[in-house]
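Participant: So TrEMBL has the following annotated:
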REGION    1-30  region 'Disordered'
COMPBIAS  1-10  compositional bias 'Polar residues'
DOMAIN    37-158  domain 'C2'
DOMAIN    200-321  domain 'C2'
DOMAIN    359-490  domain 'C2'
TRANSMEM  508-525  transmembrane segment
TRANSMEM  590-608  transmembrane segment
TRANSMEM  620-652  transmembrane segment
TRANSMEM  735-764  transmembrane segment
Amino acid sequence: MGNEQTSNPQDDYKAKETKPQLGERWPHGGFRGGGGWISSDRVTSTYDLVEQMHFLYVRVVKARDLPPNPVTGSCDPYVEVKLGNYKGKTKHFDKKVNPEWKQVFAFSKEKIQSSIIEVFVRDKEMVQRDDYLGKVVFDMNEVPTRVPPDSPLAPQWYRLEDRRGESKVRGEVMLAVWMGTQADEAFSEAWHADAALVHGEGVHSVRSKVYVSPKLWYLRVNIIEAQDVESLDKSQPPQVFVKAQVGKQVLKTKVCQTRTTNPFWNEDLLFVAAEPFEEQLVLTVECKAGPSKDEIAGRLVLPLNTFEKRLDHRPVHSRWFNLERFGFGVLEGDRRHELKFSTRIHLRACLEGGYHVLDESTMYISDQRPTARQLWKQPVGILEVGILSAQGLVPVKPKDGRKTTDAYCVAKYGLKWVRTRTILDSLSPKWNEQYTWEVYDPCTVITLGVFDNGHLGGNENSAAAKDSRIGKVRIRLSTLETDRIYTMSYPLLVLQPSGVKKMGELQLAFRFTCLSLANIIYLYGHPLLPKMHYLHPFTVNQVDSLRYQAMNIVAVRLGRAEPPLHKEVVEYMLDVDSHMWSMRRSKANFFRIVSLFSGVISMSKWLGEVCKWKNPITTILVHLLFCILICYPELILPTMFLYMFLIGIWNYRSRPRQPPHMDTKLSWAEAVNSDELDEEFDTFPTSKPENTVKMRYDRLRSVAGRIQTVIGDMATQGERFQALLSWRDPRATSLFIVFCLIAAVILYVTPFKIIALVAALVYLRHPRFRSKMPSPPCNFFRRLPARADSML
């Protein structure tokens, strides 16, 4: 038992293949193509990557001729749809006898426990119990089944019955009742039975939705110069700089070095802006009045719509703008026109359409198209993802004295974000929703995250509530075979202060369909990002800063949708904290580098064994191969490429059959200690006590010291190569150039084959002819000077 328990977590952290029944079934068990499922070659089906789910739909359209209340003389009607324990209500209308609701209710077939559907029409009362106006009853056995692409079922007028159903009463209601699947058009906007447990505005966050990221632009503002800048201190010319602000982004130019009233900068400032352009560019010209005091000389506000959009690096016309003199109030507005001189500023500004605005890490990029739609190429493929279900979720929040989870899934690829409906109070939610994306580059990643909905209302803390992370899955499209349906169960792993924790499993079905193989092959020879990133690149600091600003803008804009995609969800999906220091990540990256050199190390070990004649037969075969290559040097390159071809063919048998998943061993998530995890989850700036920060700072210094030593050693070796001919050591350089002259003469006189053969025989000589001391060339190289002596 102990062995099983220790080995299980390793298997739990791996992705597994599943075999769900995908596709559409004909109603009432009918067969098509020899089986109950539509075969995978029918790509026109909207829902061929999910398991079919049946829902009872009730469409409440309107009512007419409802009886008014005899006391008030008016009617405030609403409709209640009841199926067993589930009740759904429409909104009520004040004083309306002919109301229109146009609302659809959906009840999952799995949860239906009644043989009748009751539709009640009631009159809302403020004080006493709501009045009963009438009802319509349907028998479940008589409900028709609708299969898309059939047209929607036409609603009909039904006379209302009394409480006992014995006679008709005044008033009619227009209804349609049918049995359908999640492929029905009414599905996405329907009120689901689960929503009966949700209060107030929280009901909006239960439905599935599609979101589109805002269209992002880089705004480049080139601040050239200013004229007639005056400061309060008239005794000397001012030291001037310009501060620019777009929304919450604030950038400053350098302070003009010369004290002058006509300062010159010619400096570029870069911002991120989103359509529609709500923010404005606010420029203030400021003068240095002291070490930490600045005074404003003038101000300028420009709407972003005034700037031209460019697709390449063609020149943009510069313009002069007059600044508002700062300090004049509204009452003194007329006096502005009396000023003979006003401060002017010279600008060149444009919106860059030729760049892709990075709002996610380039490691997990899902879109690389430039901002301007005119520069987009045709899509090369289609990605279809069926979000099936989750299994074994961990309860994350208390509810009615127990712990539960209200889970939903978010998928992000390109500009399109999707959010499934929230399945309430279930540790094994079934979504069975399918989504499609156009693919413009296969070397991109789709990210899926599972969250617990913390905004369902009904509690006092709903405003401060957050959606908890349950886990994340990334799938790189280039690792998928085309036109193959993958059905996978991915573990949902979250790193917590207590360590790595499995929160459940997410079951997915996905397929990458290739539209143009020629275009995909063409893409592999082209850069990932648009050409402007390479012709006129940004600095590393600019990229980091702009990415952070872009992520903030995306989070704010998606948070303003209805229902909102909350900031904590967007940040988790975009890996907002991936740049923060982490001892665990540093270790993981170090061992990734070490593993890269493992092939070189094993090759050098093998060569060492050949040289030491550990296996004489292998050494003799290497001698023979070398002699053949020396005699026929034209075979060297073909032999190398043939060898790589054979390795590639040999590795085909053991090729990965499944796309890769997050690896806890590779991430060093299992071996990390509690203090390192505590440091990783610390806030920025730190919130820890002084002694903890001191210990961590000392540890960081020791790690950085080791890294510094390794980098210094690499620099030293490079500088020794430079010292061979730089005359830093005149004797060493003299020896080397004399050696080069002698070698040139010998190589000219002697055929290359003999030189290579002698060199190989010396290298592969038997151990009895070897000395344990380093060779003269190594000794010579190690004696060469490096610039380490000049370091302070």
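Here the Cβ of each residue, glycine as well, is placed from N, Cα and C on the backbone.
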Participant: Against which stretches of its own chain does the transmembrane segment (735-764) lie, if we need a Cβ under 8 Å and a gap of at least six residues from its ends?
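Facilitator: Answer is 610-611, 619, 622-623, 626-627, 630-631, 633, 724-725, 780.
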Participant: Looking only at the domain 'C2' (359-490), report the model's average pLDDT.
Facilitator: 88
Participant: Can you tell me how the residues of the domain 'C2' (200-321) break down into helix, strand and coil by DSSP?
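Facilitator: So the domain 'C2' (200-321) is made up of 10 helix, 66 strand, 46 coil.
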Participant: How does the domain 'C2' (37-158) divide up by DSSP, counting helix, then strand, then coil residues?
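Facilitator: Grouping H, G, I as helix and E, B as strand yields 6 helix, 52 strand, 64 coil.
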